[in-house]
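Feature annotations, courtesy of TrEMBL:
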REGION    1-25  region 'Disordered'
DOMAIN    201-303  domain 'Aminotransferase class V'
MOD_RES   296  N6-(pyridoxal phosphate)lysine
DOMAIN    381-489  domain 'Glycine dehydrogenase C-terminal'
Ligand SMILES: *Cc1c(COP(=O)(O)O)cnc(C)c1O
């Protein structure tokens, strides 16, 4: 792999598929090779024309910067091109289907973006007097109303900023409730073997010991094992529904009953709410706390680490322990309750400095209003239909992990069908990149060998699903025909080839070092 002058791989290598052809510059078919912005921007250049600094006595008592700030100077067209070129090197939901299971990569409606940019919602500051942002607080109140209605739960904490943050919020509320009831000795959290990694991580972060619940052969919580592991030491169970195998927990009501009978709380990981929104209310199933990923179910953009929003709905038993702030309203208007006094006295604290991700609230609320109650129900129905279509059309070539019955919003395959082909799940996923599709989620859930978890979402048309299925069928046939060369070093056509992901994770290069020291006196 060729490296640039700071040791970063930039150039595509020759491969069999393109007959060893490499351009002279590293560019590729109208796409230019793109350096880091720090390598691109000159230290002495600037894109803006600022007035000269008027010399003045510094009030910084010797703390004045004596080295250059090290920001690259770029003109506006250079900056625009840099970011547009970077955006072309990666996949995006605006380019094609993005079948990353568990992540619900659905289309982000442009209407949401338009609403989020309304000046009364975007040009405001969290420290403004509440009387000047009544509309924004009202929007939070209405969003809260929809979330409570859709889940059948009496309370919601809006402020958590992601699903994992919502899990933390839910478990902190559960811990506070146990402590208030003199049950602080309950130190165990139960979670199924198929749980998303954030579940045990959250429980451990809150000081709990995590014990795994076994799974049945048909991919559900093993009730006998759950019953055997429940007891006076258990604070909560964390169960995802529909679960990470893309299956509805048939016994969810019994799971809740057993949990409550043992004096524990039922935390439901609601990341897969998209599959049941408008059709099932988790409150009716006996759930005590559940986070909702607005960036999954309610179409706010995500990927690349943010921003998201993970509001947590709470049952009557946990509602008094919700974190501040929350919205109340009376004849004088809307108000954020910020202090842990009065009715908020049992709040365990705050999840974030202010009130959460306003921009995501606006987008999610716009999505809810534009769909309406009937449209949201159809979201769930179409998401499930699309996943079952994929499962049905690929099951003759690939091996579904749970062949019996329909799936929910995700089609899960194992790697049994790749046996003796010399192709692994990883190879197959990377070969999808050459075909123009983002890979599905690989090797998750851990309970399924070589798992391939495909979540199309409801926003894909039948035509796009057919294109995707056709590409996967051709690849599957190639794998079975022994065309291992196509797979082993895939992707061949991406800007970067197969990277050493273990090395990248174990020894990440987190710091960029200038090639030459920047001059002190920038313009
Ligand atoms: C996405 C997801 C999470 C975590 O949500 P983030 O918003 O990424 O923190 C937790 N559990 C499941 C099942 C998920 O799919």
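Each residue, glycine too, has its Cβ placed from N, Cα and C.
Unlike curated entries, TrEMBL annotations are predicted automatically.
Counting only residues at least six positions away in the same chain, the Cβ atoms of 103, 104, 106, 163, 271, 273, 274, 302 sit under 8 Å from the Cβ of residue 296 (N6-(pyridoxal phosphate)lysine).
In this model, the domain 'Aminotransferase class V' (201-303) carries an average pLDDT of 97. Within the domain 'Aminotransferase class V' (201-303), the DSSP-based counts of helix, strand and coil residues read 33 helix, 22 strand, 48 coil.
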